[in-house]
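Listed in TrEMBL for this protein:
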type	residues	note
TRANSMEM	21-41	transmembrane segment
TRANSMEM	61-82	transmembrane segment
TRANSMEM	94-114	transmembrane segment
TRANSMEM	120-138	transmembrane segment
TRANSMEM	145-166	transmembrane segment
TRANSMEM	172-189	transmembrane segment
TRANSMEM	196-211	transmembrane segment
Amino acid sequence: MIEILTKIREQDKTLVFSKKVINTFIVLVFGIVLGIFSKWLDNTPLNDSIMWKRFLLGYLDLGNVFSMIGIWLLIALCISIYSATPLRASINVFIFFLGMNISYHIYTIIFAGFNPMNYMMIWYFLTLFSPILAFICWYSKGSGIIPVIINTCIIAIMILCCFGIGMWYFNFTSIINTIIFITTLIILYNTPQKSIITLIGGLVIAFVVILL
């Protein structure tokens, strides 16, 4: 099994332990900062007289974007793909979501004055499964048919998260969601042929899911 996985994508085992600890710590801090920032955006009212608020909350709609799952999936995908090994991907993504969720939860309790336990339990549940998904996503940058299948599934999920689709329509929900999707395609890019196949396959799967 290990030989099969190695053929898909070879692991980088040259990373020293101290560097692993530093990288994971940076990921943890990044998650904590984003958790606080996303909740701060939730609590920040739109003020047309202040340019940066009008840009962030009005044009880019970041207040709502960080409340949706697409941006978090993209960040987790980046962390996973650029980790040295699939095991490191699992650890880093888990630590990221753990830091993000805890900081978001604590910030909400202290500064918003309520405890969104039911909502947070959904995210904590997803956090528990994130290492498995990160392990799989790490192989999306490999070679062979397996990465094509993984990329197709990732693109299908991102289409469902970033756009409004149905039997006879395909809606662009926002500029930032379109940017998130394009960024995903760039990150997953392999060859022109494989990229086209995964994009078409992702569209087909997304529409099939909607019709089920």
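Cβ coordinates come from backbone N, Cα and C, glycine included.
For the transmembrane segment (94-114), the most Cβ-contacting stretch among 61-82, 120-138, 172-189, 196-211 is 120-138 (pairs under 8 Å). Against the transmembrane segment (196-211), stretch 145-166 has more CB pairs under 8 A than any other of 21-41, 61-82, 120-138, 145-166, 172-189. Put simply, of 21-41, 120-138, 172-189, the stretch with the most CB pairs closer than 8 A to the transmembrane segment (61-82) is 172-189. Residues 15, 56-57, 62-63, 66-67, 75, 79, 88, 91-92, 95-105, 107-108, 111-112 of the same chain lie 6 or more positions beyond the ends of the transmembrane segment (21-41) yet place their CB under 8 Å from a CB of it.
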